[in-house]
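Record features (TrEMBL):
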DOMAIN    17-263  domain 'Nodulin-like'
TRANSMEM  79-100  transmembrane segment
TRANSMEM  112-138  transmembrane segment
TRANSMEM  150-171  transmembrane segment
TRANSMEM  177-197  transmembrane segment
TRANSMEM  218-236  transmembrane segment
TRANSMEM  242-267  transmembrane segment
DOMAIN    315-527  domain 'NFD4 C-terminal'
TRANSMEM  328-346  transmembrane segment
TRANSMEM  352-375  transmembrane segment
TRANSMEM  396-415  transmembrane segment
TRANSMEM  421-441  transmembrane segment
TRANSMEM  453-478  transmembrane segment
TRANSMEM  498-519  transmembrane segment
Amino acid sequence: MGTATAFSPPAVSTTTKWLGFVAAVWIQCISGNNYTFSNYSDALKSLMHLTQVQLNNLSVAKDIGKAFGLLAGLASDRFPTWAILLIGSVEGLIGYGVQWLVVSQKIQPLPYWQMCVFLCMGGNSTTWMNTAVLVTCIRNFRTNRGPVSGILKGFVGLSTAIFTTLCSALFADDPAYFLVMLSLVPLVVCLTGIFFLRELPPTVAAAGNAEEVKYFGVFNVVAVLVALFLLVYGFVPSPGVLVSRVFVAVLLVMLASPLGIPVYTYFKGRLGAGNDVEGQRANEPLLGGGEKENESVAAVEEEALVEKRAPMVGEEHTITEVLKSVDFWILFVSFLCGVGTGLAVMNNMGQIGLALGYPDVSLFVSLTSIFGFFGRIISGTVSEFTIKRAATPRPLWNAASQLLMAVGYILMAMAVPGSLYIGSILVGICYGVRLAITVPTASELFGLKYYGLIYNILILNLPLGSFLFSGLLAGILYDMEATTTEGGGNTCVGGHCYRLVFIVMTGACIVGFFLDILLSFRTKTVYTKISISKKPKKSLSASSSR
């Protein structure tokens, strides 16, 4: 009995790690509400009698909330994960709750500046959730950062479709009910995740690399099935009440199914502890040696930090050193070109759809979300595979996504029949690739020690890109083409409404493409080293003995 107790902690730690990852996936499923503005933006525009510039500036205020994500980044290095999640969920309850009061007309529309404040709070709430999840999970799965980023960012991409489709199934796309979901569901899920998501010691985080790949494969399969399920439902013509409720029930079961992994690891660990005590005892010196090795490596890294030379790319950086790095600013500006233009499409999808003759844009919002998921989850896994096999720099995948995104903007500028369908898919895929690739890239180039803050500095591109491409570019050019309506608003119908916007954003994507190519060349050595470190030790020793 005493022996079983002595060897149960490793099994429990592994189970805790995977249970935390399941909780992280659930949190990501509800933390993409910042991309759902198009689902209720038209209701705000009509209730508050806004011009397109004013409406777009509301969306900018929402994205400016991400600029205050720097607070979440600073807090992530000082406070436990549960505190970060609690702050984000309560802030979201307030931000989206007030918007619900306005859209449901339970209160009179607030002054414009006050609405900006509450949209900013709603946008900022997601930075706390995302920071808690990404920082904790990337530290817990250090050797598989690509799949972790792809899966977690993939479910963020699906969250828009999940919210949109659930609202459509349960409440017939009522924007007031939609805002109720945005305020309450994240609170409930985060309060649940508080009990399971936590950062584990490095020795636990580094263990079980071979099994991790298999388990991530299971998460990928579940995610793909959820995405396909959402996609199929989106094309069902006028589903009845029964069909809608069955859909909701099946969706919830699918999202709960990953719990099978921590349950499996728990019982597997318990059986292993009881049946292979001698094997575990034999491994104890190796584990102890690994801890000593990690400590010695950490000591070397600490000594390197105090040396006079600046850290090379691929080594641990302080925030000051990151901000002085040319590579960081190349990554920052290329990220702006991708996510900034993508946000302009997402924030303006309601008006883009109306201009092209689609009064209901929920399908396009879902398409962008679902294919954004495919972009995230595929690029995370594939980029990890190509690093191991061919030392391919991750930024090269960003470069490819920029070209494909430019094609999507050109198609939407042409405004031919079906172009909005294809454009929504391409923009979703490429936006997803940018997010999933940039997250692990930043950790690989500048280290994990200050990763929470580095991530949130990069995320400043979301409010900056929203302001430049959505608030200024799209808003001003749309109003130039629009006609004034009774009550003080305006509207525009036709392919010309956003043509120039799409042309300018195509140019921005081309700039981003060349920056990503440049960064790929500059980081080739780093990814060669990463590729070597990921090779099995046996193969390395065999090759060295020849």
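The chain as shown is numbered from 1 upward.
Placed from the backbone N, Cα and C atoms, the Cβ positions cover glycine too.
Note that TrEMBL annotation is computational and uncurated.
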Practice task
Between the transmembrane segment (177-197) and the stretches 79-100, 242-267, 421-441, 453-478, work out which stretch tops the count of Cβ pairs under 8 Å.
Solution key: 79-100
Problem - Mean per-residue pLDDT computed across the domain 'NFD4 C-terminal' (315-527) - result: 87
Problem - Closest-packing stretch to the transmembrane segment (328-346), where packing means Cβ pairs under 8 Å, from 150-171, 352-375, 396-415, 421-441, 453-478 - result: 453-478
Fill in the blank from the handout: Between the transmembrane segment (352-375) and the stretches 396-415, 421-441, 453-478, 498-519, the largest tally of CB pairs under 8 Å belongs to 421-441
